[in-house]
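Chemist: Taken from TrEMBL, the feature active site, proton donor covers GLU75. Residues or ranges marked as substrate binding site by TrEMBL: ASN62, GLN63, GLU64, ASN65, ALA66, SER67, TYR68. As annotated by TrEMBL, Zn(2+) binding site applies to CYS73, CYS112, CYS115. What TrEMBL records for 21-158 is domain 'CMP/dCMP-type deaminase'.
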Amino acid sequence: MKPLTITSRLEVYESPEELPQDVQELMQTAVEARESAYAPYSRFKVGAAIILENNKVVIGSNQENASYPSGLCAERTAVYAAGARYPDVRILKIVITARSLRHQVVSPVPPCGACRQALVEYEVKQDEPIELYFMGETGKVVKADSVKDLLPLVFDNSCL
Ligand code: THU
């Protein structure tokens, strides 16, 4: 038996004001996108904004459904929209923010496991990392240089 140690390096910003200007602007777009969430069941609104190599910005927000599993998270809404609209353009960054209509979300809200899996597919496809930033409504922002930092032991096409 040999132990396998997995490490990830993330960066924590104390507030969005500490972010580089372009990421602050993308975060503002994600905040606006968050309001388009359709979340009557969870009352939890998530917004995502993606910037592409051609400088286009694609947004997403969570879209819920009375048949709960038919709903979709903000991150997948955004990345699938980017894939549909700009199939061959590299994704540079995705920025995510969440707020609740029930309480203030002050801790960073990371993408769920299913969204990490969906995002990493595009990282593998483009063979370049996607920078990822996530926060709550206020407070700290966490940055990952690659989706793989949030998804070690990734299942991808090399496993098939
Ligand atoms: N949600 C997202 O949009 N992104 C995530 O990564 C986590 C969860 C949404 C799904 C659902 O509409 C609501 O937040 C509560 O789980």
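The backbone N, Cα and C atoms fix where each Cβ goes, glycine too.
It should be emphasised that the depicted structure is a prediction, and the values quoted were computed from it without experimental measurement.
Explain the structural surroundings of these features, please.
Modeler: Under the DSSP three-state reduction, GLU75 (active site, proton donor) is assigned to helix. GLU75 (active site, proton donor) has a Cβ environment of 28 other Cβ atoms inside 10 Å.
Cβ neighbours within 10 Å of ASN65 (substrate binding site), excluding its own Cβ and spanning all shown chains: 12. ASN65 (substrate binding site) carries neither a helix nor a strand DSSP state and counts as coil.
When secondary structure is read from DSSP and collapsed to three states, CYS115 (Zn(2+) binding site) falls in the helix class.
Look at the domain 'CMP/dCMP-type deaminase' (21-158): DSSP puts its residues at 49 helix, 36 strand, 53 coil.
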Chemist: What mean pLDDT score does the domain 'CMP/dCMP-type deaminase' (21-158) have in the model?
Modeler: 98
Chemist: Report, as a single number, how many Cβ atoms besides its own are within 10 Å of the Cβ of SER67 (substrate binding site).
Modeler: 7
Chemist: Less than 6 Å between Cβ and the nearest atom of ligand 1 is the rule; apply it to the binding-site residues GLU64, TYR68, CYS73, CYS112.
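Modeler: So the answer is GLU64, CYS73, CYS112.
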Chemist: Measure from the Cα of GLN63 (substrate binding site) to the Cα of every one of the recorded positions CYS73, GLU75, CYS112, CYS115, then give the nearest.
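Modeler: Minimum Cα distance from GLN63 (substrate binding site) across CYS73, GLU75, CYS112, CYS115 lands on CYS73.
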Chemist: Work out how many Å separate GLU64 (substrate binding site) and GLU75 (active site, proton donor) at their Cα atoms, rounded off.
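Modeler: The Cα atom of GLU64 (substrate binding site) is 13 Å away from the Cα atom of GLU75 (active site, proton donor).
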